[in-house]
Structures are given as C-alpha cells and as structure tokens.
Amino acid sequence: MKKLTMESLSVYIFVMGVCFTSNFTCEQKIVLIQEHKLRSICISTCYVNGVLAGNSSCVSVKTSYLINLAMLTNGFKAMRVGNITSISEKTAFLRVIINYYFRGVMLRALIAQRLPNAANLSSTVNCWLDDHSAGGVMTLFYGTERIVLNSSTEINASRWISDGQDANGTLNILNERVSLDIYFLSKICPQLSSEIYKKKVAHPKYFSLIKNDTKPKKFLRNTWRSAWSNWYKYKEIKEFLDFSSDYENFSEITYSMSAAGLFFLAGGAFTMLLLLCCLSMITRKHIVKDLGY
C-alpha cells in the first residue's frame with residue numbers, strides 16, 4: 001500500500017470534513033428603477049463556506065442544478081409535509097422554494113402585493129451542517145425592518161417574526177403554509193449545503209451556482225403587478241407558472257424588432273419595384289421613338 005504524503009493526507013482530511021462542516025449563503029437584492037420604462041435590477045450573490053460561488057443576475061441562478069442536488073438529500077426523500085408526498089409534487093416544491101428565496105421571486109411578490117412603494121428589497125438564505133447542529137435561516141430586509149424565519153436543531157421555529165410593526169401585513173403572506181419553509185430550512189437546506197460543498201471541493205476552479213449575466217437589468221411588463229393579484233404562497237406547486245413572466249423576454253423584443261424590420265424591408269422592396277417599373281416604361285418609350293413607331 002502506498003504511503004500517504006502530507007499533501008494527500010491534508011486533502012483527505014479536508015474532503016472528509018466536507019460532510020461535517022458546510023455553510024451555504026445566498027443573498028438577493030432587487031431594485032426598481034423608473035426610467036422611460038420600469039426596470040428591475042436583481043442581483044444574487046452566493047457563498048460556500050465564505051468563498052464566493054457566484055455573483056450575477058437573479059435569473060441566472062442555476063435552479064436546475066440546485067434542485068438536482070437537493071433531490072439527493074435524505075430530507076427530500078423522506079418529505080411528507082403539507083400533503084406533498086409524490087416525487088412530482090416534491091420536485092415542484094423544490095422548484096418553487098428555490099425560485100422564491102434564491103432568485104428573488106418572493107421579493108417581487110411582496111412588492112406587488114404588500115409593498116407598492118418599495119424601491120428596493122433584499123433577502124438572505126443561510127444553511128449549515130456541522131458536527132453539532134444543522135439548520136437554516138431566511139431573512140428579509142425592508143428599510144429598517146427585518147423579518148426572520150429561523151429553524152435549526154436548537155430552535156424550533158413555528159412562524160416568521162418581525163422586529164418591526166409589520167404595518168404592511170407582510171407576515172400574513174409569509175406565514176401561509178409556513179410548515180413548508182420550516183421543513184426546507186431544517187431538513188433539506190442543511191444537507192443541500194453539504195452537497196454543494198462537496199461539488200465545490202471536487203471542482204474548485206470551475207464551480208459556480210450562478211451563470212454570468214452582463215445585463216442584470218430587466219424590463220418589467222406594464223401588467224406585472226396585476227399578474228400577482230390572485231397569487232397566494234406556493235400556488236405554483238399545483239399550477240406550473242413561469243417565474244419570468246414579469247419580465248419582457250428576449251423573444252418578444254426580437255419579434256417586435258423583426259416585425260419592424262420586415263415592414264421596412266417590404267416597404268423598401270415595393271419602392272424598388274415601383275422605380276424599376278417607372279424606369280422600364282421610360283426606357284420603352286425611348287426605344288419606340290427611336291424605331292419610328
């Protein structure tokens with residue numbers, strides 16, 4: 001048997017420690033800017049054990065990657081909460097909660113439903129797993145107000161709480177089906193942080209949780225607020241809704257540009273055809289005159 005060198009031994013100890021010490025944090029900040037059209041700037045920044053693992057547009061978070069890693073956890077496999085038991089329902093739940101708290105969707109929902117005058121809003125999700133404890137904390141920041149849900153081996157949370165007066169009734173929305181939030185924080189997210197840390201250790205050079213996006217500004221549709229009028233928390237589990245529907249997508253912009261381009265192209269072609277016809281008639285008259293007809 002080959003002897004372990006000090007370097008390989010250090011790597012071995014480091015990798016073995018992965019399963020026992022992991023800390024995963026993602027921060028989202030959304031800012032609304034009223035220019036000639038309303039724009040939304042949403043930035044997501046993620047850290048794995050304090051090391052940057054992505055910083056770009058919220059819509060560029062690798063949700064499918066996070067969902068696939070979360071599906072590896074025992075918490076996901078054993079999930080039986082809120083009448084969610086089938087694989088398809090549990091997968092839909094992961095898709096929804098990751099979009100809510102890792103891609104800024106919940107921030108847009110709160111602005112549309114409870115905080116119409118908000119120009120900016122931010123949130124943080126932090127999960128950890130070590131030898132002594134496991135758990136997670138979700139925190140929303142609005143002005144000087146902080147709203148928190150903390151669930152771990154030391155704290156058995158039952159509701160979101162605010163250190164302010166909650167004059168806008170934000171807690172009414174957040175505490176809907178709060179058992180799903182608590183289950184994710186206490187049973188899935190800590191193990192997810194461990195899975196993420198393993199991937200970070202295996203591929204330190206290329207690992208990232210967010211795709212690069214040089215254009216974090218997104219145009220919001222004129223109807224984006226009204227689209228949330230009939231929304232309630234976790235509605236998307238049963239109704240497969242598009243989380244990007246608040247934004248004008250590239251295909252629509254491309255289509256409108258293409259339509260305009262086709263209009264001008266058709267107009268130009270018609271003008272050229274008209275000129276050719278006129279030139280042909282003038283040339284024909286000269287030929288007839290020269291022949292003496």
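Just so you know, glycine gets a Cβ as well, placed from its N, Cα and C.
Database features, via Swiss-Prot:
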{"type": "SIGNAL", "residues": "1-21", "note": "signal peptide"}
{"type": "CARBOHYD", "residues": "N23", "note": "N-linked glycosylation site"}
{"type": "CARBOHYD", "residues": "N55", "note": "N-linked glycosylation site"}
{"type": "CARBOHYD", "residues": "N83", "note": "N-linked glycosylation site"}
{"type": "CARBOHYD", "residues": "N120", "note": "N-linked glycosylation site"}
{"type": "CARBOHYD", "residues": "N150", "note": "N-linked glycosylation site"}
{"type": "CARBOHYD", "residues": "N156", "note": "N-linked glycosylation site"}
{"type": "CARBOHYD", "residues": "N168", "note": "N-linked glycosylation site"}
{"type": "CARBOHYD", "residues": "N212", "note": "N-linked glycosylation site"}
{"type": "CARBOHYD", "residues": "N249", "note": "N-linked glycosylation site"}
{"type": "TRANSMEM", "residues": "262-282", "note": "transmembrane segment"}
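What Swiss-Prot annotates, mapped onto the structure for a quick look.
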residue	record	DSSP class
N23	N-linked glycosylation site	strand
N55	N-linked glycosylation site	strand
N83	N-linked glycosylation site	coil
N120	N-linked glycosylation site	strand
N150	N-linked glycosylation site	strand
N156	N-linked glycosylation site	coil
N168	N-linked glycosylation site	coil
N212	N-linked glycosylation site	coil
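When Cα-Cα distances from N212 (N-linked glycosylation site) are compared across the glycosylation sites N55, N83, N120, the shortest belongs to N55. For N83 (N-linked glycosylation site), no same-chain residue that is 6 or more apart in sequence has a Cβ closer than 8 Å to its Cβ. Ranking the glycosylation sites N23, N55, N120, N150, N156 by Cα distance from N168 (N-linked glycosylation site) puts N120 first. Each residue contributes its Cα atom, and for N23 (N-linked glycosylation site) and N150 (N-linked glycosylation site) those atoms are 15 Å apart. In sequence order, the list of same-chain residues 6 or more apart from N156 (N-linked glycosylation site) whose Cβ falls under 8 Å from its Cβ is empty. Of the listed glycosylation sites N55, N120, N150, N168, N212, the Cβ environment within 10 Å is emptiest of other Cβ atoms at N212.
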